Amino acid sequence: MSSVAVPFYQRRHKHFDQSYRNIQTRYVLEEYAARKSHEQKSHVSDEKRIRFVSELSALEKEIHTARHRAREHLDRLAVEENMALERHIVEERISRAPEILVRLRSHTVWEKMSVSLCFTVQGFPTPVVQWYKNEELISPASDPTKYRIESKYGVHVLHINRADFDDSATYSAVATNVHGQASTNCAVVVRRFREDEEPHPAAIMPFHLPLSYDVCFTHIDVQFLEKFGVTFATEGETLTLKCSMLITPELKRLRPRAEWYRDDVLIKDSKWTKLYFGEGQAALSFTHLNKDDEGLYTLRMVSGGGISEYSAYLFVRDADALIAGAPGAPMDVKCHDANRDYVIVTWKPPNTTTESPVIGYFVDKCEVGLENWVQCNDAPVKVCKYPVTGLQEGRSYIFRVRAVNTAGISRPSRASEPVAALDPVDLERTQSRLFKIVISKDDLEGDVQIPGPPTNVHASEISKTYVVLSWDPPVPRGREPLTYFIEKSMVGSGSWQRVNAQVAVKSPRYAVFDLAEGKPYVFRVLSANKNGISDPSEITEPIQPQDTIVLPSAPGQVVATRNTKTSVVVQWDKPKQEEDLYGYYIDYSVVGSNRWEPSNHKPIKYNRFVVHGLETGEQYVFRVKAANAVGLSENSQESEAVTVQAALTCPSYPHGITLLNCDGHSMTLGWKAPTYSGGSPILGYYMDKREANHQNWHEVNSSLITQTIYTVEDLIEDAFYEFKVAAANLVGIGQPSDPSEHFKCKAWTMPEPGPAYDLMICEVRNTSLVLLWKAPVYEGKSPITGYLVDYKEVDTEDWITANEKPTPKRYFKVTDLHEGHTYVFKVRAVNDAGIGKSSEISEPVLVEERPGTKEIYSGVDDEGNIYLAFDCKEATDASHFAWGKSYEEIDDSHKFKIETEGNHSKLYFKNPDKSDLGTYSISVSDTDGVSSSFVMDDEEFERLMALSYEIKNPTIPLKSELAYEVLDKGEVRFWIQAESLSPDSTFRFVINDREVENSDRHKINCDRSNGIIEMVMEKFTIDNEGTYTVQIQDGKAKNQSSLVLIGDAFKGVLAESELQRKEFLRKQGPHFSEFLYWKVTEECEVLLSCKVANIKKETDFKWYKDGSGVEVEELPDLQKGECHLSIPKLSRKDEGVYKATLSDDRGHDVSSLELSGKVYDDIMLALSGMSKFASPLKILCTEEGIRLQCFLKYYNEEMKVSWCHRESKISSGEKMKIGGGEDVAWLQITEPSEKDKGNYTFEIFGGKESYKRTIDLSGQGIGYKIGFVLYRGKVIGGLPDVVTIMDGKTLNLTCTVFGNPDPEVVWFKNDKAFEIDEHYAFSLEQGKYASLTIKGVTSEDSGKYSIHVKNKYGGETVDVTLSVYRHGEKMPEIKPGQLAKPSCAVVLYTSATISF
């Protein structure tokens, strides 16, 4: 025997060698030799010899025929061996060790309920599964009524019928194949009914109890229809998880029981959760979500026949913080060790992903029934545990917790369950007996007066900030209520200090605070009642306040693996110290974003978690931190980046099997590839066939079919066949398709073409889609000329033809569809004979653009290559980016190059030209129909070609061409700025075709970070006229810029350079930083100003006008940097050249201003501009007539003004005279008449605008003014200004007065009226001669005498001065013409506009 192992594919066959092929010949020859020997011995006759020869000839012919048949048989066996070998190679390629996808889950059931344990395993060859109970092999044959094992499609199930208490055990399943082994285990706990739950036997059931309708039916089948998925919600929201189901049979009185679980904990109706089950639906409602509600929710439908269940995870995010940056709320607040006045509150810390770490917590309490929350701790407690004291006995409390960080305080947690402040020992001391008789231990202990000391004093909890002491009450304790006193002593101090001197402790628990850190203490407790205090208890062992729990260490290595298109499985190594862990928090971040987001918001206890809600195709990294009562650990190291894609599975089933051709002995079939390849490329297909009405399927092919079309040979004519196809990938063989319809094996002879096949729908948008297909295999009697596309809405009967004329292409864009409607499509081929068979109807398609749909985009890379690109985040490792032109797959490697990396693919044009115009498409396999198209038209092609040319022939972009600037010292700087320059860029300056190097004369510098190249010429002279050029090269890119400085352009630069050089030298000594300039103040003063710089104390400053020094009242303060010269009222006399000089030992500087000509006119315009403060026009009545006047801050006759009457400009004359003074401008109207009525305007012209003042003289008012001028009372003449007379004489003052009507006359002495007496006499004759007579003039009569003449139009007053001298004195001289001047008695003023 050979020791060589025989391959499995050879074991099932018999093997034949050359000796087998010649065995019959050998037998014949041996027989022939024997006969010949016999003949020689027996001397047979010639007749026998002839007969023998003929028989031998016939025998040889038979041997030849046998050899031919044996050779055919051996050749057929060789072909089968080759096929078996190919199948073995494929199987070896997809072979893998068993891998458990879904593990066993533990169950807890009641007695007499059935249990089904199931798990899913994959591997190739198919693993063999064995079940074990407590490591003992389970054999269904040993107890067929108890166990039943099923295996189907990789799902293995162990059914345990009517479980009893002995079935509680650990069950495990082991899957084995030639490549390895995998196992999984779970626990099954069978519970018995408690005494109060066990049903009454029927014989003794109380007659008054109704029968329960909630009886589980034994054979109820529950099928879930609509399920709740992974759900994301936020704290404070309301939410309902629903699951609809089909229950068979549907019996009202016999129905299954719906149970909801969170993390395998049964949920009951409460304040926060409401349960509902009925009408084929089970629902769980949350009235107010908190992070406590996060977890894995399971709905179990329990019946007597078994359990149906479904699970999904609920994530609850933190609500928005009340203060930005504050942490999330703590969770899972619970109360422990409650007593009369004491309870321990615990909670779990929140995750802090982006917030600052939590530094402590505040615990609040509230008495049940009230809404008054009271903070229990003054300072934040740093651990997630706090002993609350000071409770009132017999009352119930609820508690909540708030977290604190540097930003602020979080929202409060969900309130705890109510807890009563009661001593549990009291319940133990009360014993119940039959007939509800209650006996208290107090009655059994007799008369105990003073209680004994407490016992078993110990520290039940030790932390850094407090120690919780616990003890047992004294026994016996007596009937009186007990209180306790606690005393502490620092070890070595020798003194005791009472801790609770002010507060009596009623509970055998007490938290001692205010302990020195690091110092050991001993404690003792005394009990007391109204009769006295006991002796101290035994002293405790030394207790040192310290944290017994430390922060956990960071978890170990984090591994992330693919799970689904939106989730990733994250696993990690547990931390080295995992005691007292609350669980773990998982964070995730998009690669490159450096922004972390929390995955779970409530600690999980396992080191494996499925992170949901991720974006397909995106890369993520993960980290984990552990949590305990002290807080959160450091973050673990980040995991390797993982792309969110579905895990590898077997492909889905093919579909759409179509008969494409038949010749009577074979059939050509086509089908559609699976929708999902399982994350791995499809290697091929296996096909099975069977005749109609036959049960058994037979393999068609032993080797993989690599295409979606195949011809099945050796069929029976006129027989009916059906087929099914299964796809295979690296993982294994997927589920087969549904059996095809029955196809009759009858040759096709019709003249019309056969059906098109492999319909594919792509580019689904809101109102359109593109339909692709393959040409029929059977063309008919003539070539195919086109195709018709038909479509209809689902659930309608009428088909619509999309194209009136057959399209010659094998694609068609269907438009004008209704968004949100579902359609099906089919295609019919056309030839000269007519319309052929219709293709298979397509899958229903919802016409609606998918969210996030992307399109093909064009571009040019850094090398100038034109490309089309497409991104698809949904792509998997098995996805294929299929590029096409006119929807035909591109395979021309001379024209195109395709590069695909990850979820990004590019189509490059190698030698683009006009032949590349057209429609380009792409489709991505193993996705939900992701596809797109792009039209390359002339405009887009020209744009890309131009951009490609620019990149292949690059120029360095410039921000600024070559330019110059003159610097402060007269240096000339030439500079140019590029958009960017690399460190390897080069450049050169060329002046008049000669390159210049960096030197003292030409200082050349390059700032590559800003792209600036510059050259500074220190001395710019007449020899530097010419052309300046800068040449730049950066890699392949080049550019240059030139500047021509010839002629006037050069002279301008040279003059500016020399000026700047002189300016620089001037500024080395005292100088004017601003030369003389003028300005007008609001007071209408002209101010000559200048600014000085670089001065010192010795610097001399002087003012000059026309070469002569100007004396100023006060020398300017040069330290202030400004000097001023004021010209109060500018006039022509102020014209001239003004100079200001600065000088000291460093130099001399002069600034001059010629105040004449245009400068003078500009100042006048500026002064006119101050007329905006001019007063309104006023009216003044004078002897000559009426005067209109306007008061200004400054007026000069050289100012540009004008007077207008009724919009006509007035020229100065005898009738109307224009004039003014320093602060007034006026218009005199002599002897006004009716024609002088109307509107008068006074306009002053400033530099940029003019100012107007108007008055309206019209109506009766002007008549009154004219009457005032012509007919008012007045003195015509006759009175001198001064009268001199000797005393004792008689004086007669006589004058002529006028007025119409006649005026009244009144005389005054020293502005006081006096009456007629013997000394004074008045007279008025003929109404026009008025006289005053003074008899016997004395020196007392000296003074001022006035005559006031008036009528209704007005009047005037004339003054006369009387001087009396004595006899012998020299008479005073009187100047001739010194006559009295009347003054108008009435003056009328008006506002800006007056109407009379």
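Just so you know, glycine gets a Cβ as well, placed from its N, Cα and C.
Feature annotations, reproduced from TrEMBL:
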DOMAIN    98-189  domain 'Ig-like'
DOMAIN    329-424  domain 'Fibronectin type-III'
DOMAIN    453-548  domain 'Fibronectin type-III'
DOMAIN    554-646  domain 'Fibronectin type-III'
DOMAIN    650-752  domain 'Fibronectin type-III'
DOMAIN    755-850  domain 'Fibronectin type-III'
DOMAIN    1070-1156  domain 'Ig-like'
DOMAIN    1287-1363  domain 'Ig-like'
Legend entry - Range from 98-189, 329-424, 1070-1156 with most C-beta pairs under 8 A to the domain 'Fibronectin type-III' (650-752): 98-189
Inset, instruction - Please spell out the DSSP helix, strand and coil residue counts for the domain 'Ig-like' (1287-1363). - result: 3 helix, 47 strand, 27 coil
Inset, instruction - Select the range from 329-424, 554-646, 1070-1156, 1287-1363 that forms the most Cβ-Cβ pairs under 8 Å with the domain 'Fibronectin type-III' (453-548). - result: 329-424
Inset, instruction - Taking helix as H, G and I and strand as E and B in DSSP, count the residues of the domain 'Fibronectin type-III' (554-646) in helix, strand and coil. - result: 0 helix, 45 strand, 48 coil
Inset, instruction - Across the whole of the domain 'Ig-like' (1070-1156), what does the mean pLDDT come to? Round it, please. - result: 87
Inset, instruction - Could you tell me how many residues in the domain 'Fibronectin type-III' (650-752) are helical, how many are strand and how many are coil under DSSP? - result: 0 helix, 41 strand, 62 coil
Inset, instruction - Provide the three-state DSSP residue tally for the domain 'Ig-like' (1070-1156): helix first, then strand, then coil. - result: 6 helix, 50 strand, 31 coil
Legend entry - Residue distribution over DSSP helix, strand and coil in the domain 'Fibronectin type-III' (755-850): 0 helix, 46 strand, 50 coil
